[in-house]
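Inspection log for the structure reproduced underneath, given as structure tokens.
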There are 4 protein chains.
Amino acid sequence: MALTSEQQQEIEAARAAEARTLRPTVPALEAMLFQAVPVLDHGFVRVIDYMGDDAAIVQAARVSYGRGTRAANEDRGLIRYLMRHRHSTPFEMCEIKFHVKLPIFVARQWIRHRTANVNEYSARYSILDREFYIPAPAQLAAQSAMNRQGRGNVLEGEEAARVLDLLREDASRNYDHYVEMLNEDEGGQPLDPSRQGLARELARMNLTLNAYTQWYWKTDLHNLFHFLSLRADAHAQYEIRVYAEAMMGMAEAWVPMAAGAFKDYRLGAVTLSAQMLAILRRMLTGEAVEQAGSGLSKREWRELMETLGRGE
Amino acid sequence: MALTSEQQQEIEAARAAEARTLRPTVPALEAMLFQAVPVLDHGFVRVIDYMGDDAAIVQAARVSYGRGTRAANEDRGLIRYLMRHRHSTPFEMCEIKFHVKLPIFVARQWIRHRTANVNEYSARYSILDREFYIPAPAQLAAQSAMNRQGRGNVLEGEEAARVLDLLREDASRNYDHYVEMLNEDEGGQPLDPSRQGLARELARMNLTLNAYTQWYWKTDLHNLFHFLSLRADAHAQYEIRVYAEAMMGMAEAWVPMAAGAFKDYRLGAVTLSAQMLAILRRMLTGEAVEQAGSGLSKREWRELMETLGRGE
Amino acid sequence: MALTSEQQQEIEAARAAEARTLRPTVPALEAMLFQAVPVLDHGFVRVIDYMGDDAAIVQAARVSYGRGTRAANEDRGLIRYLMRHRHSTPFEMCEIKFHVKLPIFVARQWIRHRTANVNEYSARYSILDREFYIPAPAQLAAQSAMNRQGRGNVLEGEEAARVLDLLREDASRNYDHYVEMLNEDEGGQPLDPSRQGLARELARMNLTLNAYTQWYWKTDLHNLFHFLSLRADAHAQYEIRVYAEAMMGMAEAWVPMAAGAFKDYRLGAVTLSAQMLAILRRMLTGEAVEQAGSGLSKREWRELMETLGRGE
Amino acid sequence: MALTSEQQQEIEAARAAEARTLRPTVPALEAMLFQAVPVLDHGFVRVIDYMGDDAAIVQAARVSYGRGTRAANEDRGLIRYLMRHRHSTPFEMCEIKFHVKLPIFVARQWIRHRTANVNEYSARYSILDREFYIPAPAQLAAQSAMNRQGRGNVLEGEEAARVLDLLREDASRNYDHYVEMLNEDEGGQPLDPSRQGLARELARMNLTLNAYTQWYWKTDLHNLFHFLSLRADAHAQYEIRVYAEAMMGMAEAWVPMAAGAFKDYRLGAVTLSAQMLAILRRMLTGEAVEQAGSGLSKREWRELMETLGRGE
């Protein structure tokens, strides 16, 4: 990420403008507010605004007239109870707004989460920056042989070098041609006065999917947790997971009790099917259960053994 | 409305706890924060929290790094343009949270607006207060003869008195029986130790639809405006319209530019069908158009004439 | 439930009108179509229309040009995989529409599920029928002493009789007064020509929460399963659970593979927190773990022991 | 569009499998079912399934036990009334499912409509076809000088030729490199056995935004109309508008009454602000109103004059 000095100034100006408020305020999140946390090679995520805190979850659960909080450990117990029993509506009472810069192919995964508000930078209206995502060498993975959606070994040597060259050259050439077709310099003047310039809404189609876009993305805490449960998960694609991990850190600063409960009861939790539970009960009596007579498919059996820390 | 002194104290305690924040802040709304605005005989609406301001709409529309605002009249022009052309996503970047006390039959209309977050006081879990909505005499209207969903003349004399007596007596008696079935006094002790008391989730079914409930209701500005466009409208039932009107006032304090644009382009606006527009163009050339040859039904013709201020 | 003979005729007429279609069709659900399954004393639920079948889930997961299905056991395996790994979008490709008659207090719980389409019978516009829910004696439960949202023992003897009398008399009297205030007989004529009659939108507030309403409720299969996971659960209130159970039966006729997967991986499944999983792994090595050193609260420990079939 | 013969066969097989149903059926839509309507150079849209018809709208509005329809002109009148007064819930009772092949930059606009169900072909899991959108010469428009989101004159001569060359060559080269990096032939065998092949989820980032993707897209009629009101509009980008127009034709076959009402009251309708309405009333009295004293901005005045057919 490289913010221009103008952008950095805008952020600093926003950070300088302190005001007084009666609203719930979270100093640990205020300390981060507006500041861009770098993600990938040119991306970032930053918190722009927030509403509510741990106490607002308690307040909503109690439908109270004042803050609604009691002793900290009572509040923590209530929040953990709500998370454990999937009472989701009190978590919806907190809201957060991010500004994210991200590759278009990541944006396409992200936008599938529908319960959020989004304003994306419009390439119909404006010209995108000359920035594309090129994976770091450690992320240049081969197709997994086991999992059609996954990654295998890291590419090395000539193959890795060739891939990086292709990604760089193609993105770069396509961007150059994008600007040529637009026929517009940075000041909005024609590069070649004899040409008209292609409409922006058309020229953008020449860009590659690793071009960076940016958006404002706002959601409530329940839906943020749902996003994080899918995208901070080990099965998520690396390029979106790094955003989710940065946002998880922000959530921990913002609502430490709720974020802790989320990690225990959702992110680190496992779900066992009715059949798996029956097998587990047999195992706990000391019975030696085998896949063959378990009623589980081989795949499910392997998943269960992994869950129980009994690989092979 | 009669807040208990304990509730009033909780509100005052919340109003006393000022903090510093870097977030956008709206002094005119801060001045109202937490305070209950009375609606109907025992209801109220109050703002509990908010996120964003007029500038946040501009900021999102521009996907900017800082506040994104320019001269006030440029911002106003942009907000009005967005409203006029139904670019709704920038308005979704502002969020507001209300605490509302309202009769159950009003809550049943209100909840039909699905794009909001709600935490309602649970009568499965807790005991409702002894409060019911009884219309003021001026609101005691007869069924409209013209409109099956509307109200006609105000009832008077004996009929009005009888209606008020019935509403009062039935709500009151049913509440007394609710408490009797629960067999619980205010301190949670059995009224009659020889009885077990009916489960709360069952006893509540004896209450009338004018009993008051309460909830936290949170929505974004776009959806708030959609709610207000339907419920602050003259066709809305009076008992929900008064809530919408109180909330409209809060929106004007919060986002004066957006609220002004909403009033001009939505609340006070009219939509003309393709056929109506064709007729209007003929009228503007001086042609005298009659319903008969207009292609409009009598009902639509009447609606058009009213819109144009040419009622009979 | 007592459908009038006119209603029964309308249903039979609809069942008589067979047509030819190229759409996926499910004979087991066609056999049930339009027919009212009785629920509670006057309620029912019936399927009005449906879109898709098990094969449509497979087709969407494969984004195929034709039906997309292969061997039945391959399809079943894919559907179970999708359910297990919470790939919810293919299940959203099936849609179902119900007509439900239900007490208002049940409708108020039900409507909290926001991702559905609803058309409710309007008491602003029409007059409700003289029908209220009165619990069967076996359902007349006391408040649970353990769980503030639950039921305890069944009420008996005098207390039960008194409760039933109160519920019946109050609902009945309030309905009589509702009609009196409306001043309208069944043919829409005034009962007393000297009175105007109260507006319907006002008179309805005198009804009790056990009065029956009805609605059309339409949702996709993913959201239906979410509804069933909460409402067909043992913790749901009995009066909504019986609707969910009837609908579960309809889902099994409609999409047997998906419904089977739902029962195994959702309805009968358990979720273990990170801490619970760690304890379980210790227990499987033969270690005797006690609540004291487990890191779980007493409540969570009890929940875990119940899950593992090791209650006291 | 060029369906492969295998795809065409799958479609024909689906069209051959007729069944009997009790559900509402629309012969005019059945006649189109599954068949791909070509859009742009390689895209298409086709209806895969539907639920409901015009009568289902009426049935839901009346919450009836049978079909709920009466005389055709009564039904038409009710549907037009519902559309005119924005009673949207009865339209939500109809549902339709499309299979769409479309360029990625169009998919990115389309997905912003959140109230739909989507299953997209996954380039994380599968390999995309070698197909890109290249505009027809008549669509190769310059940037509009008036409207930053619009198109101006068509490009001609050398500039047009150069743009087409660039778009074709860049998309083609990037696709070739995508395959090279994947190192996989059509049968899934390595092109070069000495290489591992880049993971699909990474290689896809080299594709251009005019590459074609495909998805299943399902929505209810109310939200379809909302989509069409924005995307079949003259201000929509041509490349999405052609899809919307094809879908408008399908909606007219499916629900002719509702589609007619939509065209009259939404698509062909205009909204006048409070200020515009006041001006109009003055004009209708014969007064000559000028922009100067109108209270409208120049831009709004121009919009109003265009609406009224009084351009310059």
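Every residue, even glycine, has its Cβ placed from backbone N, Cα and C.
Automatic prediction, not curation, is the source of TrEMBL annotations.
In the record from TrEMBL, residues C:GLN109, C:TRP110, C:ILE111, C:ARG112, C:GLU120, C:TYR121, C:SER122, C:ALA123, C:ARG124, C:ARG204 bind dUMP; the candidate from C:ARG80, C:ARG151, C:ARG231 listed for the same site is C:ARG231. Between C:HIS226 (FAD binding site) and C:ARG124 (dUMP binding site), the C-alpha separation comes to 31 Å. C:GLU120 (FAD binding site) falls within a strand segment according to DSSP.
Those binding-site residues from the list C:THR89, C:ILE111, C:ARG124, C:LEU221, C:HIS226, C:ARG231 that have a Cβ under 8 Å from chain B Cβ atoms: C:ILE111, C:ARG124.
Cα of C:ARG231 (dUMP binding site) to Cα of C:GLU120 (FAD binding site): a distance of 20 Å. Less than 8 angstroms from a Cβ of chain D: among the binding-site residues C:THR89, C:ILE111, C:GLU120, C:LEU221, that describes C:THR89, C:GLU120. For C:SER122 (dUMP binding site), other Cβ atoms within 10 Å of its Cβ number 17. If you measure from the Cα atom of C:GLN109 (dUMP binding site) to that of C:LEU221 (FAD binding site), you get 20 Å.
The binding-site residues considered are C:HIS113, C:ARG231; of these, C:HIS113 has the fewest other C-beta atoms within 10 angstroms of its C-beta. Comparing Cα positions, C:ILE111 (dUMP binding site) lies closest to C:GLU120 out of the binding-site residues C:THR89, C:GLU120, C:LEU221.
DSSP gives C:ILE111 (dUMP binding site) a coil state; it is part of no helix or strand. Around the Cβ of C:GLU120 (FAD binding site), a 10 Å sphere holds 17 further Cβ atoms from the protein chains shown.
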